[in-house]
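Have a look at the structure below before the remarks.
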Amino acid sequence: MGLLSDPNRRRALISLLTRLNAPICVVCYMAGVAWFMGLAFEPFTLRTYMSENAMGSTMVEERFPAGERALATGREFAAHKKKAGGMPVDWLVKTMQSHGLEVFTQRFSRTLPFPDENKERYMVKGTNVYGILRAPRASRTEALVLSAPCTPGDNNNQAVGLLLGLAQYFRSQVFWAKDIIFLVNEHDLIGMQAWLEGYHHTNTTGMDWSPLQGRGGSIQAALSLELSSDVITSLDLVLEGLNGQLPNLDLVNLFYAFCQKIGVLCTTQGKLQRNDWDSVSGYSHAVQTMMLMVMKQASGRSWGDHGLFLRYHIEAATIKGINSFRQYKTDITTIGRLMEGMYRKLNNLLERLHQSYFFYLMPSLSHFVSIGYYMPAFGLLAVILLLRALDLWVQLTAPPPRTEDGLVDPEQMSSPGVLSVLTPLVISHLTGVALYTLPIRFQEMAVEHFPVSETEAVVLTAIAVYTAGLALPHNTNRLLSGGGTEQGWKVLKLVAVLYLAVLLGCTALINFSLGFILAITLVPVAAFVTPHVPKFPSAFVMIVLSPACTLLFSVFFFQELQEMPISFLDGWMLYLSVISQGILDHCLYGSLVYPLIALLVYPCWLIFWNILFWK
């Protein structure tokens, strides 16, 4: 405290920080990146452990015997689905009723803002079918959900068969203290969104759905099952939900514990766990697994039906069966036993899962990185912005230098006008508003005048508005009367640096992965851009580090992490598809990534672009 309260010492500290500002910023940036890369090294991580006593204090014996019958039911479901050309609603209702469940249906419809060319749909209509197994030993105030999406073709038929098999088996047990809801949803996330909105009496997306005729208790946890083969080699746990939300870590621990107990091969991000962490290849494998989780979480999209449960504070995950032709094989009976064990443990819960972590990264299923370990990596990047803001503040408050004649340079004395600072801010954010609103609003006009589809019109309009924003410095200078002052760009940069620091800090608290990736690319731009650096090399670097190019590089990097490299042309097409999916996810499910980039991140980058071309 004496260092800050003593004026002389405070001035000495500020002088030191401003004199060594650039070297300290470089060191902080390198330290932040090195810290993050070191998180995947196993001695720096924590082993997973069960924090919830209600799930860890008791043992259960799994006895599910009906794997073959579940496969037969799955084949019967596939035949009826092919005959009906979609969800076989009548057959599902009849089958669930024969298993002793209370069965209900929900119809829903949704018109997309523009066609989803990936799944070839625009007018979406469907029906959800769900059956409720009432708890025989409790007051029926709580519930668990087991869901399986009804997907086109031959996908996920085995999951529906296993769901019905588990429903029949659970009906014969008497120890259930919670309602169990068996849900078969149509049109994947759209159907799940309709069911969750109907269950909780909310409508945040403007979807049309019929009210639910039957409800269970308050949902405590949910699992979504995806199986598309009679023989499974491993089970992959999908965690990433909407806007980067993750389930409580105890749900991951529960899955991993039963996989170890029953002897099922389990993965995360499709990567097997390795024990040679002290080798280069073992560390590289852990980094690859962790980076896949970071990229998926940063996308803000839901990577399974479970992702929509998380917004209702329901802990959920997707269990996906993988058949990669390894020597190790797992039959449906074993998977049914694993599901039975997990639900019997969840049945013991006395309250919602809350004892373990909600913010974490996972280099493997047996190790995790908590928020206390990975936040310093972001903090080292954020401190660069504070150091640059301090340096600019000192420059602005320092007395102007005098010439040899003892006179003060009039350019240094002139204070910036309010208009010179507000104009770039207003134009930047108006450009962001245009980027957010125009792509969907102008799709019909673009289709009429150009030979493109609605989806292509939306994406190309977004790219056109984004590119037009590069003309911001020219438009700003036309609106200003006279050129800007030396003090003017410093005030503007001070505002922009603090703006970016608050923006990245808030983003990292909600979605660390997205905040960290944006910090990696935007912090160097914010730290070193001035009107006095070489224009064209700096402009090239700024464009490379812009949000659009960051997304393009992320597409190729994600494919490399999945060991599925693609050509530049295929990568460009995938890039355009990612943009359209990002806009659709925002319109359909409320993903925040697209409005965040369009309304806040891109305008902030445009302010620094304006500083580079300051006159």
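Including glycine, each Cβ sits where the backbone N, Cα and C put it.
Curation plays no part in TrEMBL annotations; they are all automatic predictions.
Sequence annotations record features per position, and here TrEMBL assigns transmembrane segment to 20-41 (among others).
Annotation comment: TrEMBL describes 371-390 (among others) as transmembrane segment.
Taken from TrEMBL, the feature transmembrane segment covers 417-436 (among others).
What TrEMBL records for 457-474 (among others) is transmembrane segment.
Taken from TrEMBL, the feature transmembrane segment applies to 494-527 (among others).
Residues or ranges marked as transmembrane segment in TrEMBL: 539-558 (among others).
Within the chain, the transmembrane segment (564-584) has long-range Cβ neighbours (under 8 A, six or more residues past its boundaries) at 112-114, 116-118, 299-301, 439-440, 455-456, 458-459, 462-463, 551-552, 555-556, 591, 593-594. What TrEMBL records for 564-584 (among others) is transmembrane segment.
Positions annotated as transmembrane segment by TrEMBL: 591-612 (among others). Below 8 angstroms of C-beta separation, residues 242-243, 299-301, 424-425, 427-429, 431-433, 435-436, 466, 469-470, 472-473, 476, 489, 492-493, 495-496, 499-500, 503, 507, 510, 514, 518, 522, 525-526, 529-531, 533, 535, 538-539, 542, 546-547, 582-583, 585 of the same chain, each at least six residues beyond the ends of the transmembrane segment (591-612), sit close to that stretch.
When the stretches 20-41, 371-390, 417-436, 457-474, 539-558 are ranked by Cβ pairs under 8 Å to the transmembrane segment (494-527), first place goes to 371-390. Counting Cβ pairs under 8 Å to the transmembrane segment (20-41), the top-ranked stretch among 371-390, 417-436, 457-474, 539-558 is 371-390.
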